[in-house]
Amino acid sequence: MIDRKDTNRFKLVSKYSPSGDQPQAIETLVDNIEGGEKAQILKGATGTGKTYTMSQVIAQVNKPTLVIAHNKTLAGQLYGEFKEFFPDNAVEYFVSYYDYYQPEAYVPSSDTYIEKDSSVNDEIDKLRHSATSSLLERNDVIVVASVSCIYGLGSPKEYADSVVSLRPGQEISRDQLLNNLVDIQFERNDIDFQRGKFRVRGDVVEVFPASRDEHAFRIEFFGDEIDRIREIESLTGRVLGEVEHLAIFPATHFMTNDEHMEEAISKIQAEMENQVELFEKEGKLIEAQRIRQRTEYDIEMLREMGYTNGVENYSRHMDGRSEGEPPFTLLDFFPEDFLIMIDESHMTMGQIKGMYNGDRSRKEMLVNYGFRLPSALDNRPLRREEFESHVHQIVYVSATPGDYEMGQTDTVVEQIIRPTGLLDPEVEVRPSMGQMDDLLGEINLRTEKGERTFITTLTKRMAEDLTDYLKEMGVKVKYMHSDIKTLERTEIIRDLRLGVFDVLIGINLLREGIDVPEVSLVAILDADKEGFLRNERGLIQTIGRAARNSNGHVIMYADKITDSMQRAMDETARRRRLQMDYNEKHGIVPQTIKKEIRDLIAITKSNDSDKPEKVVDYSSLSKKERQAEIKALQKQMQEAAELLDFELAAQIRDVILKLKAID
C-alpha cells in the first residue's frame, strides 16, 4: 500500500516577482485553466521569462504537471530551472536512459540481423524511477520529459500493486521479504551494494531503492516481525533517522504478477503457434523455425526469471491489452486531472507526430522475417491522436506556435514585454555581394566591445569554409555541427560565454533554447533561400538569439526580400514597437541579461537527444522541397549502410518516413 499525499501545495521560491506583461499572461492562463479551458497557447517572445510564467501557473493551479521538451538538452535546462523555483516540491526528470542505443533490426538485402544493443545511463534510470514513484506518492509533482514519455512503460497498476510496503511492528518473516524483493526484480548482492540491490546480515536486511543514489534503508527483524526501519547512508552506513513507513517500488517498470504471467505465457505460446503455422503455409520454413526457437527461449526465461531481454516486446500480453490498443506510458502514471505544458511546441508536436511511423516500419521487418511475434508491433510510442486522448488540459509554449497548435485552440496569450526592458533586435537586410568582408568588419566591432556573434549558414560546406576564412583573419571562431554531442555542445556554449572564443557558426543549432546574453550580433547568411531553415518561424527563432543583449542587432544577407523574411521582420518590428512604448511609459532603460554561467549539470552528460540530430519542422516544406530532401537523405542512408553504420542509417530512414508521412 502507498501512502499518497494529496494535500501538498507547490511553493514557488524566487527573488523576482512577475513584471512586464508576465502578470497579465499568468492571470489569463490560470483563469482559463480554472475555467476548464482544454487548450491554450503561450506565445512568448524570446527572453520574456516563459519558464517563470509556467512556474507561476503551476504554483497557482496546483496540479501535477508534465512539461515536454523536444530534446534532452532543453529538458535538462528546464529541469534545472524548475528545481530552483520549486526546491520543496518533487521536480523530476524523465528522458531516454540510453547513452547508446542500437535498435533491433533486420536488413533483408544482406540477410543481416542487428541485435538490440544499448548502454543505460544509471543516473537517468534512477531519475526515471524517481519520477514514477513520486507520481504515485504525492500530488505536488512536476515531471520534465522528452518525447520518451510517449513510449511504452508498463502498467502503472501492476507497478503500484507490486510495491512492497513495510512498517515497524508488521508481521513478515525475513525470508518472505527477500522473496518479495526478488519478485520486484531486486538483486541480492552482499558486496556491491547499489541501486536496485539488497544485502542480508543476519536479521538485518538493507535495501537500496531504484530511485535513490545515496540513501538506503535498513530493516531490522525480531523473529518474524519488523522491529524498526532506519534510513542510512549507503556508503558509510551512518543512520540518518527512523522511518514509520517504507514503500519499496519495483526495480523495473515492466511488472507482472505470477497469475498474469501464466496468462501472458499462454497467449504468447498461442500466438507463436499461429505464426509458425502461417510461415509454414507460406513455405517460409527458416522464419518458422526462427520464431519458434526465439519465442520458446523467451518463455523459458520468463518462467524461471520473470524477465527476459526484450520483455517489452511482449508487453501487450503482459498488460492484458487487445491488439492495436495503445501501450501504457508515463502519461498513465499521472492522475486524470493533470496539466501538460509543451515547450517549443512548434518542434515538439512534430516529433510526437513522427514517432509512431518510424518505429512501426522497423518492427514490421522483424515480424515478417520471424524475429518477433506480431504483438511486438504494440510495443510502440503513442500516435498523436492517442496522445491527445490523454490530454486533460494543455498549454503550448512557443515564440512561434505551429499550425497544429493554432488549429487546436483560438486562445493565444501573448507575452512580449521582457522584465529587463530589452527590445527585440533591429533587423536589417544587406546584399550578399561582399558579405564576407562586411561580416568580418561587424564581428571586429563586437569583439572590441567584448560581445559575441552568432552566424547561421545553410550548408555544412559553407559553415566550414567560413570558419576557415575567419580563422585566417585572426578571429577566434568555432563551428557547431550536428555530430557534436550534448555535453560537448553545452561546453561550447559555456566557452563562448566565457570568452574562450568570440564567434559561433552553426546551421540548425542556433535556434531554440540557446541563450547567450553576450551575443549582440546574429548574422543570417542566404536569408532569401526559402525553406525550412529560412521560413518565418525559423527566422523569428534565429532573430531571437540577439534579444538578450541591449545592443542586439540582426543582419540578413540576401539579394531579395522573401515573404518569410518580410513577415519575420514585420513581427519583430511589431514586438519592438510594443516594447519601446512600454519602456517609455514606465521609464525603463533596457539592460542586458545578467545570467550566471553555471557548471555543467550531471544530466547533460547523457548522450544527445532521443531522435536524430536533424530535427526540423517538415510541415512547412513544399512538396518539391520534401522530395528533394527525401532524395538527399536516401543517398546519406545508403552511404551509412555501406559503411555498416546501421544505427545512423536507421535514424535517417526514420526521418525519411516522417517526411513521407506528411500529407
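Cβ atoms are placed via backbone N, Cα and C, with glycine included.
Annotation source Swiss-Prot lists domain 'Helicase ATP-binding' at 31-418.
Long-range neighbours of Gly49 (ATP binding site) (same chain, six or more residues apart, CB within less than 8 Å of its CB): Gly20, Gln22, Gln415, Arg418, Pro419. Annotation comment: Swiss-Prot describes Gly44, Ala45, Thr46, Gly47, Thr48, Gly49, Lys50, Thr51 as ATP binding site, evidence class sequence analysis.
Taken from Swiss-Prot, the feature domain 'Helicase C-terminal' covers 435-601, and the record attributes it to sequence analysis.
What Swiss-Prot records for 627-662 is domain 'UVR', and it gives sequence analysis as the kind of evidence.
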What does DSSP say about Gly44 (ATP binding site): helix, strand or coil?
strand
Could you check the binding-site residues Thr46, Thr48, Thr51 and say which one's CB has the most other CB atoms within 10 Å?
Thr48
Counts of helix, strand and coil residues, the domain 'UVR' (627-662), according to DSSP:
32 helix, 0 strand, 4 coil
In terms of DSSP three-state secondary structure, what is the assignment for Gly49 (ATP binding site)?
coil
Got a sec? Which of these binding-site residues, Gly44, Ala45, Gly47, Lys50, has the most Cβ atoms within 10 Å?
Ala45
Which are the residues of the chain, Gly44, Ala45, Thr46, Gly47, Thr48, Gly49, Lys50, Thr51 excluded, whose CB is within 8 A of where the CB atoms of the ATP site average out, their centroid?
Thr53, Ala399, Gln415, Arg418
